[in-house]
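S.K.: Pasting a structure here, questions to come.
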Amino acid sequence: MGVKAAQTGIWASQGQSIRVVGFQAQTAHRAICLLGFVVLVLLQCCSAYKLVCYYTSWSQYREGDGSCFPDAIDRFLCTHIIYSFANISNDHIDTWEWNDVTLYGMLNTLKNRNPNLKTLLSVGGWNFGSQRFSNIASNTQSRRTFIKSVPPFLRTHGFDGLDLAWLYPGQRDKQHFTTLIKEMRAEFIKEAQPGKKQLLLSAAVSAGKVTIDSSYDIAKISQHLDFISIMTYDFHGAWRGTTGHHSPLFRGQEDASPDRFSNTDYAVGYMLRLEAPASKLVMGIPTFGRSFTLASSETGVGAPISGPGIPGRFTKEAGTLAYYEICDFLRGATVHRILGQQVPYATKGNQWVGYDDQESVKSKVQYLKERQLAGAMVWALDLDDFQGSFCGQDLRFPLTNAIKDALAAT
């Protein structure tokens, strides 16, 4: 009976005493948990910087440990999470994957315990193509139909805004892209008038000078966007015929035109010169690397290649490795740092991969702070070590966490 009293706290005076103590302990525990939750929320919401993180729906199809669903995401890791991608069907925003609605729910459930988290839905992407966007944006009725379809779709599925991923507007689309953004913003303002919180509007833009010049009126689109994610990666690929880092912070000593434009520093500076407000510019940091197959015994930057690198075990795309695949590659590899560009690369056999690590992302965050930018963008959460089982640190999302910590550092 004494044991039962101790367990239930309702029979004997001794049991009642135990019940009170248990209640006090539970109350204290809950208070500590609540305090920890409040601290995490305050740390996130009160940071001066955005950490905008993309999640790709097709990552669910990767085999085994490479498969990633939205419920694997740390709800306190990013300030904004962008779901990629939505489709456009008959001039209306629409789902792309067969289970998008389920995944939308998984993602937006993260906000239940972090009300400061913002989620956006990105429309477009590489597979969508530029021509379909062009057809919609250039036709007044199609554009209007698309714009009107967006707010109810976002509200229905619990998103806080829209991200435009038109890759890329052509020269003739430049004005149409500006008009699309301006009219979308006007619709968001109008839709919010009944007392709803206004939907956010962002865009992902190229970091290449030629594309920037032909595709965007930066000064005008900046007026109507909450933030602009500049994709400061993929500066270098197998099409160059030589090795090179795809996301260098600075120009390399050996770089000549057009390579002198192919770095983060130039792209950011150029955007600022084109009147993109620093307070709206979010700088891209990749959680993937670009790999090459060497054509000779040369292994340095600028070495000849025979083509892209061997596909990764999970991503299965020649020339691309997720950070967690790179961690596997580094076992037995030789690591080098390109000091002037402040990024690493690694070689093993005839394989060469340029990537970002925790040291290089910290350098990039320090740079964006010095430029007084709005924050960092990550492509993509599912390419980081999201399980914490590949990179030997017992830490989930090591690159994204390094970015977050660097943003929070004083």
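Every residue gets a Cβ built from N, Cα and C, even glycine.
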S.K.: If you check Swiss-Prot, which of C33, C68, C78 bonds to C53 via a disulphide?
M.R.: C78
S.K.: Could you look at Y49, Y168 and say which one Swiss-Prot places alongside E97, W98, G124, G125, W126, N127, M231, T232, Y233, D234, R290, W379 in the chitin site?
M.R.: Y168
S.K.: Select from 171-185, 246-260, 306-320, 351-365 the stretch of residues annotated by Swiss-Prot as region 'Important for AKT1 activation and IL8 production'.
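M.R.: Feature region 'Important for AKT1 activation and IL8 production' in Swiss-Prot: residues 351-365.
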S.K.: Can you look up which of C68, C391 is joined to C327 by a disulfide in Swiss-Prot?
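M.R.: Answer per Swiss-Prot: C391.
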S.K.: Ranking the binding-site residues W126, Y168, W379 by other Cβ atoms within 10 Å, which is at the bottom?
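M.R.: Each of the binding-site residues W126, Y168, W379 was scored by Cβ atoms within 10 Å; lowest is W126.
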S.K.: Quick one: of the recorded positions C53, N87, C327, C391, which has its CA closest to the CA of G124 (chitin binding site)?
M.R.: N87
S.K.: Report the nearest neighbour of T232 (chitin binding site) in space among the recorded positions C53, C78, N87, C327, C391, comparing Cα positions.
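M.R.: The smallest Cα gap between T232 (chitin binding site) and any of the recorded positions is with C53.
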S.K.: Go through the recorded positions C53, E97, W126, C327, W379 and tell me which ones have a CA within 10 A of the CA of N87 (N-linked glycosylation site).
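M.R.: Of C53, E97, W126, C327, W379, within range: E97.
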S.K.: Which one is closest to Y168 (chitin binding site) in space, judged by CA to CA distance, out of the disulfide-bonded residues C53, C78, C327, C391?
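M.R.: Nearest candidate: C53.
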S.K.: 10 Å Cβ neighbour count around N87 (N-linked glycosylation site)?
M.R.: 17
S.K.: Can you check what DSSP calls C327 (disulfide bond), collapsed to helix, strand or coil?
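M.R.: Note: C327 (disulfide bond) is helical by DSSP.
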